Structure formats: C-alpha cells, structure tokens
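According to TrEMBL, the protein carries these features:
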DISULFID  Cys346-Cys369  disulfide bond
TRANSMEM  507-530  transmembrane segment
DOMAIN    561-704  domain 'TIR'
Amino acid sequence: ELDFSAFMFNQDLEYLDLSHNNIWTAYCQLLARLRHLDLSFNKFTVLPICQEFGIMFHLEYLGLSAMMIRRSDFRYVAHLQLDTVFLTLEDFSLYEPLSLTALNTRSLHIVFATNQNFNFSLLYDGMSTSEKLKIVNLRYTLSHKDFPSPSLELQKKIKATDLMLDTVDLEWTVILQIFLLVWDSSVEHLTVRNLIFRGPVEELTEYKHVPLLRSLEQLLSLGSSMKALTLERVRNKLYYFNQEILYRQFSEMNIDSLTIHDACMPHMLCPKKPSSFQYINFSRNALTDELFQNCDTLANLKLLILHRNKFESLSKVSFMTSRMKSLRYLDMSSNLLRNSRAEGRCQWADSLKELDLSSNQLTEAVFECLPANINKVDLQNNQIASVPKGITELHSLQELNLASNRLADLPGCRAFTGLEILNIERNLILTPSADFFETCPSVKELQAGQNPFKCSCELQDFLRLERQSGGKLSGWPEAYVCKYPEDLSGTQLKDFHLTELACNTTLLLVTALLLTLVLVAVVAFLCIYLDVPWYVRMLWQWTQTKRRAWHDCPEERETALQFHAFISYSERDSLWVKNELIPNLEKGEGCIQLCQHERNFIPGKSIVENIINCIEKSYKSIFVLSPNFVQSEWCHYELYFAHHRLFSENSNSLILILLEPIPSYVIPARYHKLKALMAKRTYLEWPKERSKHALFWANLRAAVNIKLPTSFETDEEQSDVTSTSSITQRLIT
C-alpha cells in the first residue's frame, strides 16, 4: 500500500520513484511541486490515477502500471501537458479501445506482458496519441489471417513521427502489414530492435483484407513520410526462404537512411532503379566482397558503414565505391581486408573524403591503394611496419591514424604534404626521429604516446623537439613513459634527463682526451718530482737480487745475523766513521761487530747485491746523516733497501745519526723517505761538546748491542781476509 500523506512534510519534493515494488493500492495526497512520479512495475489492477494528479501542473513524467486500461482512467490527467508517460502492463487482461487517445503526451512508452499476445489496439492508439512511441514485447502467435488491421479513420489520426518496437516476435506477413501501416502514416523514423520473424516469407498479396494492386516493392518505392528504417539484432526461425524477396523489399525502399545491424545478413541486392539512399549501415553482418559490385543505382549514397563483416579484398571494395558518385564516408573497419600488389590497382569514388580501414590485416602496401583525394584515413590496428617511399602523393590528406601498428619510427610527410593530425600511439617506437616537425611543417597535432620508449641519449633530441613544438604533442606528459631500460620503466619522459656530456660523443671524447692528457701530465710530473723511475729501478734490482740468491745459494735462504750493525755513510764523512764511530763501538765492551763496505763486501758480487746482503745480515742499520749523505747516490741506495726491510719485516732496525745539520732545501725531492724518517723517527745527534760524547756512545751502543749467534762470532778471521778485496772493489767503483 502507498499513502501519499507520508510525504506531506515534503512539499518541495520534485522527484519520486516507487517503481519495482508490490504496491496494489494507493491513497492520494497533493504534491504540488512534483515533476517526476514513477509507479511502474507494481501490482495495480487499474491505473492509480487520483484526482489530486490533476492539479500537479508541474508534472512532466508519469510512470504507471495496471492489468486493465479503461478510457475513464485518464480523465484526471487528460488536460495535463506531459512529456513522457510510461505504462507497464503485466498480466494484462482488458483494454478499452481509444483509451490512450485521452492522453496528452509527447512521448509514450509501453512495456507489455512478455507471455501474452500483444493487443495491437495499443499500437494503433499509441501512434495517434504521441509523437514518440516505444513499445516493448510485441508477441503474436496467432495466424496472420487473424491479425486485427486498423481502421481507415484511425490511420488518418496517426501523429507519431518516431516509432520504436523492441523485442518483437511476429510472422513476416504481420511485420509487413505493420510496416505498410507505418509507411502510409506520418512516421519518419522506424526502429525495430531484437526482432525474430517467422515464416513464411512470401509476397504480400492483400492489405486490410483488400487485394494489393501493386507489388510490395512497388509500394515501397513510392514516396512517403518515412525517412529512416533501423533494424537491430534480427534473427529468423526459418531454415529456408526466398532471400531475394526479403532483400528486394529492403533495397527498393524510397527512404534516406537504412540500417540493418547484427542480422547475420550474407547479401543485399543492388536497387533496380536509382535509389534515394543517402545513408546505409550494414554493420555486424556476413557481407562479402560481392556486395554492390557493378551497382550504378546508389549515386546519392553519402555514408556507407560496413563495419564487422567478411570483406577480404581491398581492391574489390574500391571498385564497389567507384560508381557511388556522392560517397563521402566509408567504414570498412573490423573486416578481413588484405591487400597485395597482385590484386592490381584500386579505383575509388572521386568524392570519397573519409575512409576507416581500422582493425583489418593490412600492411604497408595499403598506401598504394588509397583514394587520391582522401582527407582522413584510419588505419589503426593493422600490420603496417613502415610508410614506403615513392608512394602516390596524397596532397589532400589532413588526418592519418596509424595507432596500434608495427611502426618503429615516425613516418615522414613527403607524400602527405598537407597532413595536420597524425596518430601513431601504441606502436613499436623506441626513439622517435627528432626532425619530424621539420619534414612535416603543417602538422598541428601529433599523438605518439603509449609507445615503448627507450630512455637514452637518442631520445634527448625528441624531448627538445617537444619543448619547441608549442604543445603539438597530444597527451603530454601522461602518455609518454619510459619502457626501457628496466630501471627507468614507468618514468615519464618529462622527468628523464641526461647531461650534455653523456650524450655528445664528440664532447665526451674531447673531455676524455683532455682528462687523459692532464692525468698523464700529473703522473709525469709526480714521477719526475718524486723520482719514481729511480724507485722502480731499485725495486727491480732488489727483486732480481733476491731471486738470484734464492736460486744460487739455497743454503743461505734462512739468513742469520752476522753483524750488530751495517754502517751507511758518505765517503766525505769516512774520517769520522773510521776515527770515531768504529773504534768506539768495536773496541769497547760487548764485542760489537760492524759491517763496513770496505771490509765486508764480497768480491765478484754487484754492489747492490752486497748492500742487500749486508743489510739483511745486520741487526741494525746505522745511517750517518749529513749534507754529504744526501748528495751520495749509493747512500740513497742503502737507505732505500733498509727502509724496504723496515716495512717488509716489520722491524725497527734503522738508527739515524745526524752528524751535521741538514737544511731542508738541500735534500733532493726524491729523498722524500729521508724527510719522512727524520720527521717521524728519533735520531741521535752528534754533540759538538766533548763532555757529551760518552753519553752519545752509550746510547748508540745500547741501541745495537745484541748477542749474535756463536757460529758467526768465530768467523772474524774470515771476515778480515775478505776486507782487503772489499776495499779494492769499493775503490774501483
């Protein structure tokens, strides 16, 4: 139950939808501002129209439901000017003729019961009631001989201009009679959706029980108010019928627009005489290349839509249009079109301006089969890998869609000098050419997004092109995203940046060369300043000496200490060494054994080898430092090898005696080790006061005093024998 008093406090209510409920009775209350009231799909037995509805002057939409309709049911709303009346008639049992004519509405929508034979009086009265009539569920299982035809008086009162019949299940003969009724009426647009027709399909010989003096196709070829016929989703229950009868009835219609959509239609006949068709839509059918071949009667046709059929030959399609002198738009999308040079040249209608060839199987050879005067071509979702050079120039082409193909780069515009809009989205373009706008100066919009861009140096030029294009890249920046390399995948191109040095090969080579030269210069300077070659030579000699000692004297591999200290000094300081250093260390207590080159160098060996052997056989190495020391090359050798032992054996074997002060400017640059030793290690300074000499010798003796192995203490005589030859070798050197 519905009591409108529930809305008594909602006096501003304008929209009220109570459809799809189980309401069977209503108690009315005035809702003065109501514009939309929907009570459809409920359980009312009679139409729930109350007296209060008559003063709802703002009401525009009225939805009702009932099981019966009587003329008196509309008495309270007959004076209202409604925009739409929506009636749902479930379990319908009674209709009083002419009841709907009491309504004053621009649009009438009736949903009849799905399991009952349709009451055609609703159709006839509805056509006389409103300008737009839509009826759902026209089902009639009785014989066409029992079909109730409208009276002549009622046919004269028809004022509908737009009629839509949805979910229709009728015999073909009944459909033709309804069609003839519409043909003779004021209806301009007839749409039939979800149509199922039954047999038999045969010529109509009588109408309203009166024999036809002319054939049906002759009647349909005569002029009428009808402008457009639309049939959508048509199915038949016949296994065999004369298709020519059916096709001829459609092809001979004298109307402007014909649409037969999703009807599984395999063919259509060419009109016998010049046709008035300006618009034909045969999409989602089973039409083939044989359609309208050699057809001269479609000279007025301007738009032809053959989307989703079974066309295969592009050249045959072109010949089909060659005699359509007014054709401007052709849609051949979602077919099976292929093209090859073996098919021969194409011949299109000269008037054709727009061509849709998307979603086919076309390759780059299609550019040799395009209309010369075409303005707009859609070739998306094909198998085009490139735009060939040397194709026929299409000077009139303004818009070209090559999206979803296999292009690897932006096409040039040599053959499309007037191109303004280019779409190459969803191709295989990694790095677009940067000179595109130079070769295509007339392009105003480029759609190049959703490609697998490779973010590299080559892409930098394209990014500069975008900044200079003035907004010609459509979809920027959202549709332009890096695909490769993987670490940049998902990055928008606007956020991708590389330095000029990384991308300019010449600049990179020059920079690398300059850096190399600078590095070489720095290394050369350091080598010269630090005397690196000298150290390398010393390291090589030390390595060679150790190698020879390893191979030539296996018994000396485990070297034992023979001396307490090795003395390194300049020949100019030899008097102090011989008169002061040696006597005070060797003649004193402890029997200190000193290694001196004049006494202990072995004849026949190189000086370097003798130096290394003496240093390794000595517990300490004493260096007598003075300005003379830093000027001696051999002293430098000895210091180098001793310092090398210091680090290689991790020993504390160096003793530095500063005989005379050494100014820093006197020490050569290559003596950086000497500088480091003097800065980090404690050294003994030879005192000038004689009173301090005893302390000096005590400290030095304590630094070198160690008990040597006894085997070498007994070899003093052998050492004395070799001293003479050592002196001779040193003098010769």
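Cβ coordinates come from backbone N, Cα and C, glycine included.
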Neighbour count (Cβ, 10 Å) for Cys346 (disulfide bond): 21
Around the Cβ of Cys369 (disulfide bond), the count of other Cβ atoms that are within 10 Å: 23
Summary of DSSP states over the domain 'TIR' (561-704), given as helix, strand and coil counts: 77 helix, 23 strand, 44 coil
